[in-house]
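Record features (TrEMBL):
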DOMAIN    B:94-291  domain 'ABC transmembrane type-1'
TRANSMEM  B:12-30  transmembrane segment
TRANSMEM  B:100-121  transmembrane segment
TRANSMEM  B:133-151  transmembrane segment
TRANSMEM  B:171-191  transmembrane segment
TRANSMEM  B:227-252  transmembrane segment
TRANSMEM  B:272-298  transmembrane segment
Amino acid sequence: MESLLKVSGLQVSFEMAAGEVQAVRGVSFHLNKGETLAIVGESGSGKSVTALSLVRLIPSPPGKVKSGEIIYQGKDLLKLPERELFKIRGSEIGMIFQDPISSLNPTMTVGKQIIEGIRWHQKIGVTAAKEKAVQMLTLVGIPNPEKRIAQYPHEFSGGMRQRVMIAMALACSPKMLIADEPTTALDVTIQAQIMRLMKELQKKTGTAILLITHDLGVVAETADRVAVMYGGSLVETGLVSEIFYQARHPYTWGLLASMPRMDWSKQRELQPIPGSPPDLFDPPPGCPFADRCPYAMNACHEEMPPETDVSPTHRVACWLEHPEAPSVDREKAGYKTVHVPS
Amino acid sequence: MNRYIIRRLFQMVITLWVIATLTFLMMKAIPGDPFSGEKKLPEQVLKNLMSYYHLDEPIPVQYLIYMKSLLQLDLGPSIKYETRTVNTIISESFPVSAQLGTQALILAVVTGLLLGVVAALRHNRLIDYGAMFFAVLGISVPSFVLAPLMQKYLAVEWELFPVATWEGWEYSILPSIALAAFPLATITRLMRSSMVEVLTQDYIRTARSKGLPPYLVVFRHTIRNSILPIVTIIGPLTVGILTGSFVIEKIFSIPGIGKYFVESISNRDYPLIMGVTLFYSSLLIFVNFLVDLAYGLIDPRIQLFKKGGN
Ligand SMILES: Nc1ncnc2c1ncn2[C@@H]1O[C@H](COP(=O)(O)OP(=O)(O)OP(=O)(O)O)[C@@H](O)[C@H]1O
Ligand SMILES: [Mg+2]
């Protein structure tokens, strides 16, 4: 598999009056051509900040990329002059966001919003761009595109607006699509439609997708690989099957246990992970999950665990991987065994 | 669209009628009459005058007479300026006030928007602080302080502009600036805060994610959305300019309508008071109507009227 994007050691902070929020603390991952990589993790773990940093869209100030490399087709996006970045955003890397209601300009017709991106990147005439926009709207399943193109966002439903966003993001055939919780703001039935649409379009266009989501069900259905994020770091990365069936990080176990499953008997209850995520103003020196981890050892509190490759595709950052660590019965690992700290 | 406009026109007429009636009643409630101030007039002359202006009739009759002439768009004769009607006084003096007011309004809107945009784009930098400093000055220094100061320094000491009166375009510069200061400062501040807010909106991030360079993001996506609150206050600001022109015209001895308005009240020139009040009211009502129309044009979510079909 050929890699399209390679991120290493990405660190992003927000400099606030109260201090520095270390939102992303040394994240490394890659995205292959045409695949779907899902980033999962609880609220505030730094998923959106990671995604926005890839194309330097974090609000700045206060946001700032402290260090790291983002290599896209041989170029480091963090070192590129702004002007070069304008050519990559939208044309090489498209984005869709969580809230389709606020993500479209309310005073501009959706047609104009799609067309302006096409014209900026492809330098073609209005008529040709308009045709392309109609094509895109048809592609994302919006009926009556010739008429809809002249309408304003408030004349569309939430699901339809997200389709417009997808049409807009894919209009210039980007090689990569960043989708930050594209379905969270939508009704459940619409969520499934939108995910199916994205999957279909990916088959047609071969676009790689970086999918950020809370929904492990969506991950199981659409992703090829999964990256689990916690407290600004990636704790585990692997193929979907590796994460769902051979997870090695206690946080991943917790995440899986907190998700309902079809094969569970009725008595089994959802297990929320006790405790709360680390303070990003003053993160602990060790593993960010140590305070909530039932298997935490001394080392976990003192030093960041190194990343260990469990298989060529499966990587985990946990002290339990250390040869001298006590072995944990991974089969039984579940949150029934956790003592809830009172 | 037509139905909306017709409905609004009808409402405007009703509003004007209410204003006319209230002004008429309040005027009658003020003690004194047009002829009491001057030296004693002979009994017979006074009587003739009273009957000429229908002032000897009972108030309801006076009211009906006045309403009747209003319907014919006739504001009646002036009492103070015996040879002229209120209509001619307004048509002679209004162009001067209109020029002054329009210049001030254009200056305020254009400069205010520009400064606001620049301040927002340079948020918390030197230009921003500078613009905000002048905005606070403009809002807190009243025009009757600003105008004489400008006269003293810009006209008398440095001789850059004429001090007063109205004899050519250069005479209109100082009064226009004095009149524009407050609305200009208000628009600057409002535009800045509105734009700073719009810049944090999700759709701005979307526009940037399409690869648009900053100037396109600002021109296409930011300004139009930031301008909505400005459109709303254009109405009140125009009112401010209209009423502010009374003071400015007085300070700069400009032969505008404001001068007649102020004088008409101390002279008890009933027809002139009524005429100018109604004229100003229609102007304000009309400006507000225009503002509403503009609002509907700028923000598609505000539907003033149903589009045909659909
Ligand atoms: N503009 C900002 N200013 C200050 N802090 C920010 C800003 N954006 C994000 N953060 C901080 O960065 C951290 C990570 O936020 P991020 O939005 O990436 O979380 P997330 O994983 O996307 O969560 P969610 O699932 O809720 O979207 C949070 O602690 C947040 O407070
Ligand atoms: Mg997020």
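Cβ from N, Cα, C; glycine included.
By the Cβ criterion (under 8 Å, sequence separation of 6 or more), the transmembrane segment (B:12-30) is in contact with the transmembrane segment (B:272-298), since 3+ such pairs are found. Beyond the transmembrane segment (B:227-252), the same-chain residues lying 6 or more positions past its ends with a Cβ under 8 Å from any Cβ of the stretch are 97, 100-101, 104-105, 108-109, 112-113, 143-144, 147-148, 151, 164-166, 171, 174-175, 178-180, 182-183, 186-187, 190-191, 194, 258-259, 261-262, 280, 283-284, 287-288, 291, 294-295, 298-299. Same-chain neighbours of the transmembrane segment (B:171-191): 99-101, 103-105, 107-109, 111-113, 115-117, 119-120, 131-132, 134-139, 141, 143, 146-147, 150-151, 154-155, 161-162, 164-165, 226-227, 229-230, 233, 237, 240-241, 244-245, 248-249, 251-252, 254, counting only residues six or more beyond its ends whose CB sits under 8 Å from a CB of the stretch.
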